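Data block below; observations after.
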Amino acid sequence: MENNEKYIITLDSGTTSCRSLIVNKKGEIIAIAQNEFSQYFPKSGWVEHDPLEIWNTQLSTMQSVKNKAQIKSSDIVALGITNQRETIVVWDKDTGLPVYNAIVWQDVRTSSFCDQMIAENKTEFFREKTGLIINPYFSATKLKWILENVPLAKEKLAKGKLLAGTIDTWLIWKLTGGKVHASDVSNASRTMLFNIHSLDWDQEILDYLKIPRSILPKVQASSEFYGFVQSSLWSNKAKGKVPITGVAGDQQSALFGQMCTEVGMVKNTYGTGCFTLVNTGQKPVNSKNRLLTTIAWKLGNEKTIYALEGSVFVAGAAIQWLRDSLRILYNAALSDFYSSLVKDNQRVYVVPAFTGLGAPYWDSYAKGAIFGLERGTKNEHIIKATLESIAYQSNDLIKAMEKDLGQKITLLKVDGGASKSDYLMNFQASISNLDVHRPANVETTALGAAYLAGLAVGFWKDIKEIQKMIKIDHQFKPSVDQKEVDVLLKGWNEAVKRVLNWQKDIE
């Protein structure tokens, strides 16, 4: 059979849904299957997922996308995985059953413990080794919480039966029938346990947090062989031996999917949150502006590539909030339409700090607020201001990056669900004074994992071959007068100032 009749499958395990995609040799997605899964909020600030539900949801999309594409498992040359990062799963290696729900990246239950570590002057200790700042966002304190607060975890640990990992590790373990306990460098670099210089779990950190190395996965390159998918997972008759050869955290995968392979190239993913990454090459750059130094990817035996990252916790999730909680929007896709019904935002600002604020503020005590309300304020103004809040938060990251890089960023490559909003992209170009390029295929997160998997098996020869396949759908240029931009930004900065530390101030 010709090579062009072979395919890559990508599993994209997100925060609210699992998707599986089939990609052909031209880099085209020929089939997608997607299913949402449940979110659990047991207490204020707590966010959990059921790991078995994630696995079953992911598996069902994997099986249905193969059937949708009308291909056999033997037509699939490799499988790539990309996933929500930082979310931690702990399970029994004999039964394969989780000892507790997965604690999600948005969960802030460990805020006070993080405050305690900061008070103990541990900030530099962690930043130097991991490139991260101390924050409940990362896996380390979530894992420590499970080990200390879940009796079943203590019991299994004492018997040497406990395994832990991020979502990629959990999926690899399930896909290989419990044969492989592994993660890739990009996911490991988000745990706050991994030394990004030595590329290994940091023993001093493990000792300090009392986390045994034995429960942690082996860490591999983002593009290399991990293990084979159990044939029976495709169907009872499946014969294909599909290797898992590409693994990356969702944001690093999007950076690769956008082919930001040169130093200084920047992408922003507009998903549940917003994530801006800039490729810094083979050198980790220490941020002076509270951005994260992180591993972008590692291709086989090649040198590790690093990035600077800024994270916005609530972006597309703010539009979901308008739809599900406030009910002033029935369909998230209509936010552009409603925004167009009003000339401007009437100086209304929405600060969607529902789970605190991410970079460059890193304030887990901030709360969301709407400012500038008048008697004449309509739903449309609030919808418009909510869309704009996504651009304002992203702009805060871009400006911090420019300071760290010592240069102006002139081009932003965008992807993710909310990047389909022309109003948001136009506003982003104007507010940040740069060109915005949206690719014809905004599924760059899933494509990144497909490219990583494909390169490892020679499906694509090299990065150059992949670059030729990428097409730009639309270019947005700044269109708002700079004086007006300055006025808008002044209002935004004032609004943010007023929500900082809110919860602590009122307690």
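Placed from the backbone N, Cα and C atoms, the Cβ positions cover glycine too.
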Which single residue out of TYR7, TYR40, TYR137, TYR306 does Swiss-Prot record at the glycerol site shared with ARG85, GLU86, ASP250, GLN251?
TYR137
From the candidates THR15, THR16, THR304, give the one listed by Swiss-Prot for the same sn-glycerol 3-phosphate site as ARG85, GLU86, TYR137, ASP250.
THR15
Measuring Cα to Cα, tell me the gap between THR16 (ATP binding site) and THR272 (ADP binding site) in whole angstrom.
8
Excluding near sequence neighbours, so keeping only residues 6 or more apart in the same chain, what lies with its CB under 8 A of GLN320 (ATP binding site)?
ALA332
Looking only at Cβ atoms, how many others are within 10 Å of the one on ASP250 (sn-glycerol 3-phosphate binding site)?
29
Taking every protein chain shown into account, which of the binding-site residues ARG19, ARG85 has the largest tally of Cβ atoms within 10 Å of its Cβ?
ARG85
How many Å lie between the Cα of ASP250 (sn-glycerol 3-phosphate binding site) and the Cα of THR272 (ADP binding site)?
12
Taking 8 Å from the centroid of the Cβ atoms of THR15, ARG19, THR272, GLY316, GLY417 as the cut-off, which other residues in that chain fall inside it around the ADP site?
GLY14, THR16, SER17, GLY271, GLY416
In angstrom units, rounded to an integer, how far apart are the Cα atoms of ARG19 (ADP binding site) and GLN251 (glycerol binding site)?
16
